[in-house]
């Protein structure tokens, strides 16, 4: 219902609402300005926001202040200004468009943002303030700060809270209320603090804008460590500004330009600060923002000529209020210029590294409408339509430039409408000029489907790390698009190492729990590739930290394998299970021990992980550490309460068996020092000495012998350590055992001695060591001597060694004379 013109509710074109028109009141914010409620309009079927007065009882003065704020917001209708619909009678409040994302202050504190989004926010804020300052007279905001910069569902800026806004020169310092001063003081220029009677001008907002730039680049609050308002005021007046730490190790080059601009904007002398508004080039500050965010290869020409890109395209911008119809014409301009005609140049800002020039993408001529021309005049609104999606995009021709070089081989897309990124519900109440429209194209029978074309564009943007392009083309329905490989776009971004693209996908609510064909979630991939920034972003969402891939590995398994201490701590803070097992029964502790990640083992031990938890075949973490020879971990685990150094696997092997088998001398020594039994037997009755002798680890065998290992112990098959060393040809180990008085006459399977085994396998050097008058002609249970076995195996060198030492040739040996090998030849010669 409309208010009467003569009442305090006279609102011109604004509407007056009753409380009964709203339902579902939900408080979403509060402060010195009052309370903000999210409400649903009964008839409009959409969500709105109502900013109510902080007072329970609103007098006429407060009511008039609220009306004045509403009128100022109505007067300042612009794409980057928060739309206002009217006043609610009771409770008294300002009815505005609901911003789903909330304030910039909240967003900056929530998670790291993509650089392209940060640049776009700075750019859109500058354009919104430029609009206010271009009004006649200029409208001063006077309270510009992240809390008063709202963001819609697609992260576009809407400047709000005009409670302090005044027309140029009509307000004094004493108008500032102490309500909410603490959140505002860091954004106040020094002249406002110092000069009580000073008339305000546009330079006030310029200073505040500089602090906003600092906050967006650093994602911190200015003077956050200072808790006293007076101390902040003294610092600002004395010329202190927020510190400039390295914004980011891999920050884009545009940061340097913005930092220089920011430092100019927060100068103590307001006269040397740049301005938003101006003549010809739309104001010095807008020009500086564009210069910082447009490709660094471009340059400004002389005043009035515009910005020259490398392609010789010249962009001229004019004051947005050069005619009273400019807002309407801007909306019409957007409708006349589809999104598909906004193209990326070869020098778009790349957050990772400077892109290489691609001359085929940036033509020397620009076609617009029907007449080709080199120099085109563009209004500010046209320029903004080119820049608002990627900040670093330039103006190119329409049809022939509609694809990037990586997409030029694709057929043109088929028919079908592409949404602008605004849902149907949101678009009904979006401010004028905030929608970017695209038009249908004529279908072609040879064209790829729209989905396939869009999918390829998204893949190309992510793989190339073109975040600005991704921000432009990503539609809400495409966020969880399944690729041909079964992966999602988020999988692709993580796999390609494109952290900025992953940030944008997550900001657009990409599902972090989707799995690819291997069962891996983006968290698996991010942890495996040690992309810490993405890991932090993923864990900040509702995510299944214990999701398993096809091998039953969780993200914590990957962190343990890589020794990624940071990811391990983050996962444990999110209650990742330390007892999840993979297909081999290994927990993250088992994996960390297997891969020698002592730092992870210590973290898990501090978390109270049970080190006696058995994996497949009853392997403990200590078994894995001993098997791989990770001495520090063996020491650490062996000293844990309740750990037995003689713990056996399913086949009866102890950690000492495993260390001896792999020849880890130092591990074996520390285990023995910690009272490991050197004579413990496995299920095959093998002692650690048997294992060391069989694998030829002489130093470990010597250690075991000196620590009391039995030389004559036999396995379940009847082998001694000497038998095993001789059979496998380990000469050094055989010498050691002989020196240690091992029985060379001991009989094993088939009643064979160590010499029989060495001869049968052709180990001539071992035969040389073992041969003696006592054993050279001994027979096994089959009646074969060492010479018979060597000849049977056709080991000529071994036969020669035995013959040289006087081995006896008998009928059994002669049956091999009919052969043609070297062994048979030797036997025939010896017989002759």
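Cβ atoms here come from the backbone N, Cα and C positions, even for glycine.
Here is what Swiss-Prot says about this protein:
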- 143: active site, proton acceptor (ACT_SITE)
- 343-359: compositional bias 'Basic and acidic residues' (COMPBIAS)
- 403-424: compositional bias 'Low complexity' (COMPBIAS)
- 51: ubiquitin cross-link (CROSSLNK)
- 145: ubiquitin cross-link (CROSSLNK)
- 22-286: domain 'Protein kinase' (DOMAIN)
- 485-514: repeat 'ANK 1' (REPEAT)
- 518-547: repeat 'ANK 2' (REPEAT)
- 551-580: repeat 'ANK 3' (REPEAT)
- 584-613: repeat 'ANK 4' (REPEAT)
- 617-647: repeat 'ANK 5' (REPEAT)
- 651-680: repeat 'ANK 6' (REPEAT)
- 684-713: repeat 'ANK 7' (REPEAT)
- 717-746: repeat 'ANK 8' (REPEAT)
- 750-780: repeat 'ANK 9' (REPEAT)
- 782-811: repeat 'ANK 10' (REPEAT)
Pairwise CA distance, residue 143 (active site, proton acceptor) versus residue 51 (ubiquitin cross-link), rounded so that it is a whole Å: 16
Distance [Cα-Cα, Å, rounded] between residue 145 (ubiquitin cross-link) and residue 51 (ubiquitin cross-link): 18
Secondary structure at residue 143 (active site, proton acceptor), reduced by DSSP to three states: coil
Number of other Cβ atoms within 10 Å of the Cβ of residue 145 (ubiquitin cross-link) across all protein chains: 25
Distal contacts, the repeat 'ANK 5' (617-647) - CB-CB under 8 A, six or more residues away: 585-587, 589-590, 592-596, 598, 601-602, 605, 611, 653-656, 658-659, 661-662, 664, 666-667, 670-671, 674-677, 680
The repeat 'ANK 9' (750-780): DSSP-derived helix, strand, coil residue counts: 16 helix, 0 strand, 15 coil
DSSP residue counts for the repeat 'ANK 10' (782-811), split into helix, strand and coil: 17 helix, 0 strand, 13 coil
